[in-house]
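Features reported for this protein in Swiss-Prot:
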| type | residues | note |
| --- | --- | --- |
| BINDING | H96, D98, H159 | Fe cation binding site |
| BINDING | R169 | 2-oxoglutarate binding site |
| DOMAIN | 78-178 | domain 'Fe2OG dioxygenase' |
Amino acid sequence: MMLHIPGVLTNAQVAQCRELLDAADWVDGNATSGAQSALAKRNRQLPEGSPVARAVGDAIQDALARHALFFSAALPLKVFPPLFNRYAGGETFGTHVDNAIRLLRGTDFRVRSDLSATLFLAEPDAYDGGELCVEDTYGVHRAKLPAGDLVLYPASSLHHVTPVTRGERVASFFWIQSMVRDDGDRTLLFQLDTQIQALSAEKGAKDPMVISLTGIYHNLLRKWADA
């Protein structure tokens, strides 16, 4: 499931993040690449351990923790600290698949990459190109979202970023280990939760059907979750 999650950051928060990011020192994006990605990746990136990356990453994680739609869709168990990249002057990232396990350098913190996320930090009209293209059995899905919005998709997906031919594309990217590892199971839970919320808004939280469906949701989560 590929999902657009709007409003993770406000316009003011995006501006604060960009002020810090634009003043930071960036390095070749292959600093974090696997063997396959290094052949396809042409961009710049903040070093993982930089104070700016940590500060902006913490702000993003705080925002994610408050975002109900993100939690419902991802059911996060662990979130890899957000990383940051930028593309300009024809820079691109060819077709690749993300590594299954991400290790935070200098620590024993590991994340199984069930989900990949890109949080856009530049407005779509600020650059040409730079679309995130995610492939699945139904074709290629493209994302170029407003600043502050996030796209979430299975980390097992082949994906690429088209060349940026004007302006600059700035984004954060990171991976999530979900409590529910299977994408199909996780999608069913998200769909069920969405319907429960809609029914609750219509009939009230004390409605017998809402209570029954909520019980089914939690029993399925209990069956499938690792916590």
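The backbone N, Cα and C atoms fix where each Cβ goes, and this holds for glycine too.
A map of Swiss-Prot features onto the structure.
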residue	record	Cβ contacts under 8 Å, 6 or more apart
D98	Fe cation binding site	S113, S116, A155, W175
H159	Fe cation binding site	T95, H96, V97, S116, L132, C133, V134, E135, Y153
R169	2-oxoglutarate binding site	R86, Y87, A88, A122, A126, Y127, G129, G130, V161
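For the recorded site, D98 (Fe cation binding site), the DSSP three-state label reads coil. As a whole-number mean, the pLDDT of the domain 'Fe2OG dioxygenase' (78-178) in this prediction is 97. Around H96 (Fe cation binding site), taking its Cβ as the centre, 18 other Cβ atoms fall within 10 Å, counting all chains.
Sorting the domain 'Fe2OG dioxygenase' (78-178) by DSSP state (H, G, I as helix; E, B as strand; all else coil) yields 3 helix, 61 strand, 37 coil.
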